[in-house]
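*Asks:* There's a structure below that I have some questions on.
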């Protein structure tokens with residue numbers, strides 16, 4: 001009897017260790033997103049405060065209570081300045097990332113995902129450090145953020161590198177059957193930091209740091225340093241045997257900036273595929289771009305809530321915490337329920353997500369009291385199912401050796417689209433500020449209609465066979481690891 005207990009205990013420990021081994025890139029994304037979300041609302045407040053105090057030279061009393069209707073005239077000037085800043089900051093921050101993405105995807109297919117991920121994290125850490133510097137130099141106007149923090153950050157790939165490398169990494173090490181779930185789990189891991197990060201940021205900013213922007217971004221930078229250390233120590237340099245060591249390259253710089261990488265990326269995207277898979281791949285990239293178009297609404301909605309509802313920092317933070325928390329719960333429950341239990345096709349789940357975003361914006365645009373805005377947040381909670389579905393579908397359409405290139409293009413669609421969307425939201429908000437500031441939500445509705453139409457076309461024309469690349473997977477079968485304690489497949493160093 002004691003011997004049987006020992007065997008069960010031993011098998012349990014082995015199973016637990018094998019489960020822990022499945023945890024790879026998730027902590028990197030959690031730390032990265034926790035850093036971002038902890039200061040997400042604080043950063044918006046920092047830009048408003050900089051524009052108010054430095055650009056317009058308003059008094060401390062006015063800037064500390066800028067959302068008060070008494071300060072409506074000052075708020076109008078600050079809103080226009082911050083709106084203009086967001087437009088140019090987003091253009092500066094994402095232009096370089098688009099160029100790097102064409103090289104980075106093909107290079108990561110050849111050399112591995114770890115280096116691009118590390119470079120992106122280092123770039124984000126540099127950005128946070130420079131925001132600290134901008135907060136210390138009180139006389140620097142808000143535009144200095146672009147020159148000192150945003151532009152230098154772009155040469156590392158930043159968000160594009162992080163997202164492309166992370167999702168390519170998780171796709172490399174997961175089997176085809178488990179990929180939708182693994183991608184969703186990764187999505188949930190980093191999205192789970194949204195409510196906790198925003199709530200933590202609100203608490204630290206208001207109750208601990210005495211509303212210190214400097215201390216908040218030191219915390220941000222510290223979390224990113226932790227992400228860099230974990231990534232450097234835990235992740236493998238290569239995730240399949242087709243990737244070769246960096247030491248094989250004669251010159252690392254020319255090996256990365258090889259024009260063949262750009263050619264290979266475009267060839268991968270536009271090459272002929274069986275059935276109508278090329279059309280589906282292009283539609284999925286378009287769907288990702290138009291789906292993420294709405295993310296720039298967040299910056300304008302912060303200004304909108306200040307202008308229309310006169311919400312202050314704490315009220316906006318409370319709404320964002322509620323919104324993020326319910327989105328995480330829905331994402332964690334909805335995809336396993338609809339995909340595994342109900343057996344719905346990926347396209348059906350994505351259609352539901354697009355419709356949810358559209359319904360939410362109808363409530364946002366028509367809201368004249370706070371609870372209607374919260375009700376819109378409930379409808380929007382199903383919207384985030386779209387992104388993991390797109391990533392999962394794309395990974396199944398292409399070969400293992402093509403994933404880096406395709407995921408780099410998805411990352412461009414996911415993170416670099418603000419070059420267009422920031423300008424659109426900024427111009428719409430500026431033109432409609434006095435009459436119809438809710439017009440920004442109509443822009444979002446239009447973008448989600450494109451997503452809806454894309455998935456409707458794929459759903460009506462594609463079979464299950466035409467949405468899968470015929471290839472023997474060389475990746476780790478997660479199910480074996482979870483169910484067989486003796487499974488110990490060799491990892492590539």
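Cβ atoms are placed via backbone N, Cα and C, with glycine included.
According to TrEMBL, the protein has these features:
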type	residues	note
TRANSMEM	117-138	transmembrane segment
TRANSMEM	144-169	transmembrane segment
TRANSMEM	181-201	transmembrane segment
TRANSMEM	213-233	transmembrane segment
TRANSMEM	275-293	transmembrane segment
TRANSMEM	347-365	transmembrane segment
TRANSMEM	371-394	transmembrane segment
TRANSMEM	406-428	transmembrane segment
TRANSMEM	440-460	transmembrane segment
REGION	474-493	region 'Disordered'
*Asks:* Are there residues at least six beyond either end of the transmembrane segment (371-394) with Cβ under 8 Å to its Cβ atoms? List them, or say none.
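*Replies:* Same-chain contacts beyond the flanks: 167, 171, 179-180, 183-184, 186-187, 191, 280-281, 284-285, 287-288, 291-292, 305, 309, 319, 322-323, 326-327, 329-331, 334-335, 338, 346, 349-350, 352-354, 356-357, 359-364, 406-407, 410, 414, 451, 467.
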*Asks:* Taking a Cβ cut-off under 8 Å, which residues six or more beyond the ends of the transmembrane segment (347-365) line up next to it in the same chain?
*Replies:* 287, 291, 294, 301, 334-335, 338-339, 372-373, 375-386, 389-390, 438, 441-442, 444-445, 448-449, 451-452, 455-456, 458-459, 462
*Asks:* Who are the chain neighbours of the transmembrane segment (440-460) in space, where the CB to CB distance is under 8 Å and they lie at least 6 residues beyond its ends?
*Replies:* 280, 283-284, 286-287, 290-291, 293-294, 297, 300-301, 304, 345, 347-348, 350-351, 354-355, 357-358, 361-362, 364-365, 386, 421, 424-425, 428-429, 432, 467
*Asks:* Can we call the transmembrane segment (144-169) and the transmembrane segment (406-428) in contact, meaning three or more C-beta pairs below 8 angstroms at a sequence separation of 6+?
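*Replies:* Since 3 or more Cβ pairs under 8 Å link them, the transmembrane segment (144-169) and the transmembrane segment (406-428) do come into contact.
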*Asks:* Out of 117-138, 275-293, 406-428, which stretch has the largest tally of CB pairs under 8 angstroms to the transmembrane segment (213-233)?
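*Replies:* Result: 117-138.
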*Asks:* Quickly jot the same-chain residues contacting the transmembrane segment (117-138) by Cβ under 8 Å, restricted to those at least six beyond its ends, or write none.
*Replies:* 25, 28, 32, 35-36, 39, 43, 46, 50, 53-54, 144-145, 148-150, 152-162, 165-166, 169, 213-214, 217-218, 220-221, 224-225, 227-228, 231-232, 235
